[in-house]
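A.B. asks: Please see the structure below; I have some questions.
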Amino acid sequence: MININNINPEKPVLIVGPTASGKTSLAIAIAQAQGRVVVNADALQVYDGWRVLTARPTPEEEDAVPHHLYGHVPFTAHYDVGQWLQDLTPFLAQNPVIVGGTGLYFRALTQGLADIPAIPPDIRAEADARSHTQRLADLHEGDPALVARIDCDNPMRVQRGWEVLRATGRPLSAWQDETPPPLLPLGNTTPLALMPDRDWLNARIAQRFDQMLNEGALDEARANLPRWSSAGGAAKAIGAPELIAHLHGTLPLAAARDAAVTATRQYAKRQRSWQRSNTQAWQSVPLP
């Protein structure tokens with residue numbers, strides 16, 4: 001693992017890793033040892049209503065050290081990386097531990113983010129109404145350079161590219177090519193990339209989802225049911241569609257559990273793929 005005594009207390013710490021790899025516990029350990037705050041860099045943990053299902057820190061963990069940008073976005077709102085950078089900025093002076101599994105957030109933080117106009121609600125609704133396959137086909141035609149850059153299996157990345165192309169008439173790849181300097185260059189941080197063994201991680205994913213069910217994930221989904229149809233990014237929480245399907249009576253709980261575990265493992269696979277391509281300059285932390 002990591003010897004915390006070797007971490008420079010004068011630099012922000014970045015921790016990236018696939019879901020269920022132990023990022024939260026490491027972040028808290030570093031924050032406790034060095035008197036830091038923990039700041040979220042997970043695009044799903046920003047939403048209220050999903051504490052259990054998105055594996056946000058527990059109330060006890062939040063009491064142990066200050067935590068920020070967890071559950072601060074309304075369930076029905078849309079939230080993007082530009083808003084996250086704005087929300088993060090006030091905490092940078094505190095040399096925080098920035099932790100999460102959203103590679104786009106870390107790339108924007110350390111490499112810069114293009115100043116793209118906001119997406120109008122009608123364009124977003126149009127994007128939501130199209131299938132992933134349709135959006136990807138449009139991108140192949142309108143922004144092939146972006147298709148070569150992104151994980152095309154990630155619906156959020158594909159939809160973002162589609163929305164920018166539709167709203168601005170200009171490819172997202174062209175906007176990205178004009179990216180300004182980063183808010184926090186990687187060289188000014190201690191960047192840690194957790195690299196878990198696949199079989200070890202897959203077992204943890206199954207165990208953790210069962211633990212989530214025991215700790216009330218289904219009750220959490222039931223509480224969110226009345227606003228599910230108007231959910232923004234919160235609807236993309238891994239395991240949420242499966243639990244909602246069970247509550248609608250279209251999927252037995254055992255099948256919902258298995259489907260959610262499979263979806264989580266697929267998500268972790270995409271995260272590991274992103275890390276292999278984007279964290280060569282980070283300190284690799286093999287696990288277990």
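Glycine residues also receive a Cβ, built from the backbone N, Cα and C atoms like all the rest.
Okay, these came from Swiss-Prot:
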- Gly17, Pro18, Thr19, Ala20, Ser21, Gly22, Lys23, Thr24: ATP binding site (BINDING)
- Thr19, Ala20, Ser21, Gly22, Lys23, Thr24: substrate binding site (BINDING)
- Thr102: site 'Interaction with substrate tRNA' (SITE)
A.B. asks: Which whole-number value in Å describes the distance between the Cα atoms of Gly22 (ATP binding site) and Thr102 (site 'Interaction with substrate tRNA')?
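C.D. replies: Rounded to a whole number, the Cα-Cα distance is 15 Å.
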A.B. asks: Taking Gly17, Pro18, Gly22 as the binding-site residues to compare, which has the smallest set of other Cβ atoms within 10 Å?
C.D. replies: Gly22
A.B. asks: Using an 8 Å cut-off from the Cβ centroid of Gly17, Pro18, Thr19, Ala20, Ser21, Gly22, Lys23, Thr24, can you name the remaining same-chain residues around the ATP site, in sequence order?
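C.D. replies: Result: Gly101, Leu194, Pro196.
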A.B. asks: So how many other Cβ atoms are close to Ala20 (ATP binding site), meaning within 10 Å of its Cβ?
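C.D. replies: Other Cβ atoms found within 10 Å: 23.
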A.B. asks: Could you measure between Ser21 (ATP binding site) and Thr102 (site 'Interaction with substrate tRNA') for me? Cα positions, answer in whole angstrom.
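C.D. replies: On Cα coordinates alone, these residues lie 13 Å apart.
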A.B. asks: Determine, for the substrate site, the additional residues of the same chain whose CB lies within 8 Å of the mean position of the CB atoms of Thr19, Ala20, Ser21, Gly22, Lys23, Thr24; present them in sequence order.
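C.D. replies: Near the substrate site, beyond Thr19, Ala20, Ser21, Gly22, Lys23, Thr24, sit Gly17, Pro18, Ser25, Ala55, Gly101, Leu194.
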A.B. asks: So if I draw a 10 Å sphere around the Cβ of Thr24 (ATP binding site), how many other Cβ atoms end up inside it?
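C.D. replies: The Cβ of Thr24 (ATP binding site) has 22 Cβ neighbours within 10 Å.
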A.B. asks: Please report the Cα separation of Gly17 (ATP binding site) and Thr102 (site 'Interaction with substrate tRNA') in Å, rounded to an integer.
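C.D. replies: That separation, Cα to Cα, works out to 9 Å.
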A.B. asks: Whole-number Å only: compute the distance from the Cα of Thr24 (ATP binding site) to the Cα of Thr102 (site 'Interaction with substrate tRNA').
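C.D. replies: About 14 Å separate the Cα atoms of these two residues.
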